[in-house]
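The following features are taken from TrEMBL:
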DOMAIN    4-170  domain 'Era-type G'
REGION    12-19  region 'G1'
BINDING   12-19, 59-63, 119-122  GTP binding site
REGION    38-42  region 'G2'
REGION    59-62  region 'G3'
REGION    119-122  region 'G4'
DOMAIN    201-279  domain 'KH type-2'
Amino acid sequence: MASKSGFIAIIGKPNVGKSTLINALIGEKIAITSPKVQTTRFRITGILNEGENQFVFIDTPGMHKPYHGLGKSMDKSATDALMDADAIMWVVDQTYRRTDEIILERIKHSHLPVILVINKIDTLENKAEIDKIIISFLKVHEFKHIVPISAKDQTHLTQLKETLVEYLVEGPHYYPDDYVTDQTDESRMTEIIRERILYYTEQEVPHSVAVMLESFKFNEELNTMDIDALIIVERDSQKGILIGKNGEKLKRIGTEARKEINKIFDMKIHLSLWVKVKKDWRNDPTTVSRYGYGK
Ligand SMILES: Nc1nc2c(ncn2[C@@H]2O[C@H](COP(=O)(O)OP(=O)(O)O)[C@@H](O)[C@H]2O)c(=O)[nH]1
Ligand SMILES: [Mg+2]
C-alpha cells in the first residue's frame, strides 16, 4: 500500500461540535470545546495516522460576520483553511437556515469536494429527523457524501474516516507519524487554561479573555514542570469575577487546568495563574497578535 495523506478542513457554524469531532477523531484533546460560541479562535491542526494514511484535520473558528479585530482574524483563519484543503467536512446540527449562507457561498467558491457531517444525532428522536436535515441541505448543494454522526458518543466515526480516505492523495506524509497536532506545547497549555475559564464564566467574560505563558520551566531530573500563566481581561470587574470570592474561582480553574495538562504531559505540574487587565485588547492589532491570534 502506498502512503497517502490529505488536508481535511472542518467548517460549520459555532457550536455544532467541530472541535469535539476533531478530538474524537484524534483521541486526545487537540482543540478545546465548550458550550460557548467562539471557543476556537485560531486554526488548529489535528493529525491522525492510521497505517499508511495520514489525515490532517483543520479545525477552524466558526465563520461569522466579524465585529472586532479578534473576530476579523478568526474569520480569516477559517477562510484560509479552505485554500489548503483536499476536502471539506461541513458540520451541521440542524436543518439548513439562512445563516448557513456564508458557509454555502464559501464552499461553492472553493470547488472542493464537500462531505456533509450531521452531528449530534444522539439528540435526535428518530431517523425522520435526520432525513429532514439531509433533505434541507440536498436542496442547496451537491454533497459527495452525507454522514450522520455523534462526536460526543463517537458514533459512525469509523464510517466517516472510511469516507474521507477517498480524498487522501498518494505521496509522503506531511507530518512525522507521532505528531497529533502542529500546535506548540505552550499553545496547548494556554488553550486548556482558557477552556476552564470558559466553563466558569458567563456573558462577556469568555470573549474578553486571553491567556499567555509567562514562564515554563521543565526540570528533567525531578520530572516537573513549573508554569506561570497570565490571564488577560478587558475590565477590572472581569478580573474580580475571574478571581472569585477569596480567590476560589481562580483556584478551581487552576486545579482543573493542571489536571487536563497532566493528561498530555506526564510529569508533576505546578501551575500559577495571574490576572491582568488590558483595556480593549481585542481591538488592538499588536495585542491580538501578541496573544497568539491572527499570525
Ligand atoms: N449532544 C451532543 N453534544 C455535542 C456533540 N458534539 C459536540 N457537542 C457539544 O456541543 C458544544 C459545542 O461543541 P464544540 O466542539 O466546542 O463546537 P464548535 O464551536 O463547533 O467547535 C459543546 O458543549 C459540546 O459538548 C454531540 O455529538 N452530541
Ligand atoms: Mg471549536
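Note that Cβ sites are derived from N, Cα and C of the backbone, with glycine treated the same way.
Curation does not apply to TrEMBL; its annotations are automatic.
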Quick test of your reading of the structure: among the binding-site residues ASN15, THR60, ILE121, whose CB sits under 6 A from ligand 1?
ASN15
Site of maximum Cβ density within 10 Å, from binding-site residues ASN15, THR60:
THR60
Chain residues outside the region 'G4' (119-122) and at least six past its termini with a C-beta under 8 angstroms from it:
16-17, 20-21, 91-93, 130, 148-153, 155-156
Quick one: of the binding-site residues GLY12, LYS18, ILE121, flag those whose CB is under 6 Å from ligand 2, and say none if nothing qualifies.
LYS18
Per DSSP, what is the helix/strand/coil residue tally across the region 'G2' (38-42)?
0 helix, 0 strand, 5 coil
If you average pLDDT over the region 'G3' (59-62), what do you get?
77
Structural state of GLY12 (GTP binding site), classified by DSSP into three states:
strand
